[in-house]
Amino acid sequence: MTPASALVDQRSRPLRVLRLSLTARCNLACPYCCPDLEDPPDLLSLEQQLRLIRVACRLGIHSLRLTGGEPLLSARLLPLLQAIAAARATPGDPLQGLQQVALTTNGTLLSDQRACDLRQAGLDRITVSLDGVDGAVVARMAGRPTATAGDSLARKVLGGLASARSAGFDPLAGELKLNAVIQRGVNEDQLLPLADLARDQGVELRLIEYMDVGNRNQWRLDQVLSAAEMVTRIRARWPLQAVGRPTGGTAQRWRYVDGGGHLGVIASISEPFCGDCNRLRVTADGQAFRCLFASVGTDLKPALHCEAELLRLVADLWRRRDDRYSDERQQTTGSMPHAEMAYLGG
C-alpha cells in the first residue's frame, strides 16, 4: 500500500480531514441548510463507522469532525466517541494518529450533562452555530415563526456554550468556537453584535459566507456578503491584525489588537481555498463526497464489510480527485445540481 504521506489527489492535495455526518435530521429549519425531516435509509452501523474512520486514519487523516444535520440527535454519537477514544488509547491502532475529534452543533441540545458526557467520551472540540443575536433575525435564520421563539433559541445556544465551557472545553485552546453564516440583506446587521458577543464570551467567532450548497435554498451570488466586507465592518469597530490561513485550513484568522481574542472568516465564495483542500465528506448513509459542492457521491457501503477493500476504494477515490468547484464557480453555477447541506454535513 502506498504510504499515507504519499496519498495525494490529481492536484497533489493530501487527505487529512474526514467529516462524517451522523444524521441528516435537525431540530431547526435554517433556510440556507434545508435539513431533512427523516434520515436516509441504511444508516451506517457503529461498526461500519469505526471501520471507515480506521481506514481514513491509515490513509493519512489526523482530524475527524462529526456533523449532521444535528449530530446530538444521533443516539450513536456517544457510543461512537467512546469507541474512538478506546482505539486512540490502544497501542498500534491506526486511530492513535488521530490528533483531534471535533463536533459541529447548533447548541440547542447541549445541556450541562450532555456536554460533560461528550467531554468524558473523548471529544476534543465543539463548534456551536448561531447566526444572530436579535430574536427576529435568529428566528428568520433558524426557520422559527416569531422573534420570541428566536430569543428563546438564542438563549438555548448561549446556554449550550456555557455548558461546553463548564465541561472543560477551553476557548483559549481552540476547543470551543462560534460559527455564523452571514447572508446579505438577511442578517448582515448582526455582524457587530455577534462579534461583541463572541468577545464577551471569550470564544473565536468564525463568519461564513453564504454558500451555494444544495438546491433548496435558491442561492444567488448577490446574497453573499464577502469575507472582505465582513472584516472591513468589524475592523472599523475593533482594529484587527491579520494572522492568516494555515495550509489546509478554511478560516482566514485575525487577531483583535486590543487583546479581545481572534476572528475567523471562511471565504469559500470570494476567496476559494480549493488549492489545498484536504477534506473528505461521508454522509450518514455512506456516500463519500470529495467536494462540498459536488453533485454525486460514491457509495462506500459495498466495501464496508472488508477493511482492505474499503482501503482500496477510498484510496482510489482520493487519487482520482480533481475537484475545484469554487475555483470554477462562475462557469458551473446553475448548470449542475448539488447535494444538500444537511445531507453532506457541511
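Each residue, glycine too, has its Cβ placed from N, Cα and C.
Taken straight from Swiss-Prot:
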BINDING   ARG19, ARG65, THR104, LYS177, ARG279, LEU280, ARG281  GTP binding site
BINDING   CYS26, CYS30, CYS33  [4Fe-4S] cluster 1 binding site
BINDING   CYS274, CYS277, CYS291  [4Fe-4S] cluster 2 binding site
DOMAIN    10-240  domain 'Radical SAM core'
REGION    326-346  region 'Disordered'
Inset, instruction - For ARG281 (GTP binding site), just count the other CB atoms lying within 10 A of its CB, please. - result: 24
Inset, instruction - For LEU280 (GTP binding site), just give me the three-state DSSP call. - result: strand
Inset, instruction - Would you kindly give the Cα-Cα distance separating LEU280 (GTP binding site) and CYS291 ([4Fe-4S] cluster 2 binding site), rounded to the nearest Å? - result: 7
Legend entry - Cα-to-Cα gap, LEU280 (GTP binding site) vs CYS274 ([4Fe-4S] cluster 2 binding site), nearest whole Å: 13
Inset, instruction - Measure the Cβ-based neighbour count of ARG19 (GTP binding site), defined as the other Cβ atoms within 10 Å of its Cβ. - result: 21
Legend entry - Least buried by Cβ count (within 10 Å) of the binding-site residues CYS30, CYS33, CYS274, CYS277, CYS291: CYS274
Legend entry - Overall pLDDT for the domain 'Radical SAM core' (10-240), taken as the rounded mean: 95
Inset, instruction - Using ARG19 (GTP binding site) as the reference point, find which of the binding-site residues CYS26, CYS30, CYS33, CYS274, CYS277 has the shortest Cα-to-Cα distance to it. - result: CYS277
Inset, instruction - Going by Cα-Cα distance, pick out whichever of the binding-site residues CYS26, CYS30, CYS274, CYS277 is nearest to ARG65 (GTP binding site). - result: CYS277
Inset, instruction - Using CYS30 ([4Fe-4S] cluster 1 binding site) as the reference point, find which of the binding-site residues CYS274, CYS277, ARG281 has the shortest Cα-to-Cα distance to it. - result: ARG281
Inset, instruction - Determine the Cβ neighbour count for CYS26 ([4Fe-4S] cluster 1 binding site): the number of other Cβ atoms within 10 Å of its Cβ. - result: 23
Inset, instruction - Give the sequence-ordered list of residues that share a chain with ARG279 (GTP binding site), lie 6 or more positions from it, and have CB atoms under 8 Å from its CB. - result: ARG16, VAL17, LEU18, ARG19, LEU292
Inset, instruction - Please classify the secondary structure at CYS291 ([4Fe-4S] cluster 2 binding site) using three-state DSSP. - result: coil
